[in-house]
């Protein structure tokens, strides 16, 4: 909104020209979301306490988690709220990717809110039946897949050459490719157009990431810390993908409107940092499914929009491992005579059962997350 208001006035005041820069507005989005959470979280936490919106802890989980019973949950409300306000202020509101990201965040947060509310109301950990959560996630995934397959025309492959006469890089080939194309990390010349199959693929990405973050949200600061790390990597990827010169130099697809996605990612980072202040061990508040389902979903959507879907496996490796641990545990239990691969799933509980303290698990997973995020960014040069 600020861009639409102030940038047209740049000739009246030179400072308004700053609003044209993605980096300036991204920094503004980070700061705004961070400040909003820091300012309003204490009041929201007190309100949640008065409403008795406390965490319901599974009785089959680690015994050390029983002390968390009653800790205010649904803190994702002020994460989502601060992101929405920050994006409203700093992003170009006529950018369709921003609109879809915002709508997706709202829809998935509604699903998460219903899940949290039912857990609190009935004082158990069941919440919204899984089929309904999958419905919300699938609905969002299909919308994103349909948009990218049928309507999005923003993906280009560009080749530049040095003009020896003037010593300047010039575009010699600009080729539009379908947004249903997936690009392989480490290989600049290998890409596959999934065509109509991109819709179920996009749906799978959204559903998987939404559930992966949800499953990871079991220790103080774990899910939100990893989200900050992953969002920082996505900010780099979205910025370079939206810059034609950098994208061409790195031999990655140029997404003509991806730069604006960086502003949205900035809001994620700011809100995440603010929430971590209150969610660090011992947590004063939990994000609940209103936060984890929605934030995980938009991480997947961002990767789809900037055409780095497959890099999710690398930069989101901890989330992927957490989700896979649950899938493998259930599969092994059902089909191999009730045998368990892990002491407890998700994976963070396995390490708790192995004697690691909660803070050890969290910080060691952070370290792995940082390493994998750096590897993901490094793939930009290994092509």
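Note that Cβ sites are derived from N, Cα and C of the backbone, with glycine treated the same way.
Looking at 5-25, 47-67, 131-151, the range tied to transmembrane segment in Swiss-Prot is 131-151. Within the set 161-181, 182-202, the record from Swiss-Prot flags 182-202 under the feature transmembrane segment. If you look at the transmembrane segment (98-118), the same-chain residues 6 or more away from its ends with a CB under 8 A from one of its CBs are 53, 73-74, 76-77, 80, 83-84, 87, 91-92, 126-128, 132-133, 136-137, 139-140, 143-144, 147, 206, 210, 260-261, 263-264, 288-295, 297-298, 301-302, 305. Contact between the transmembrane segment (26-46) and the transmembrane segment (182-202) is not supported, since fewer than 3 Cβ pairs fall under 8 Å when only residues 6 or more apart in sequence are counted. Between the transmembrane segment (360-380) and the stretches 131-151, 182-202, 221-241, 258-278, 283-305, Cβ pairs under 8 Å are most numerous for 221-241. Outside the transmembrane segment (258-278) by six or more residues, the chain places 22, 25-38, 41-42, 45, 75, 78-80, 82-83, 86-87, 90-92, 95, 97-98, 101-102, 154, 221, 224-225, 227-228, 231-232, 234-235, 238-239, 241-243, 284-285, 287, 291, 295, 298, 302, 305-307 with a CB less than 8 A from a CB of the stretch.
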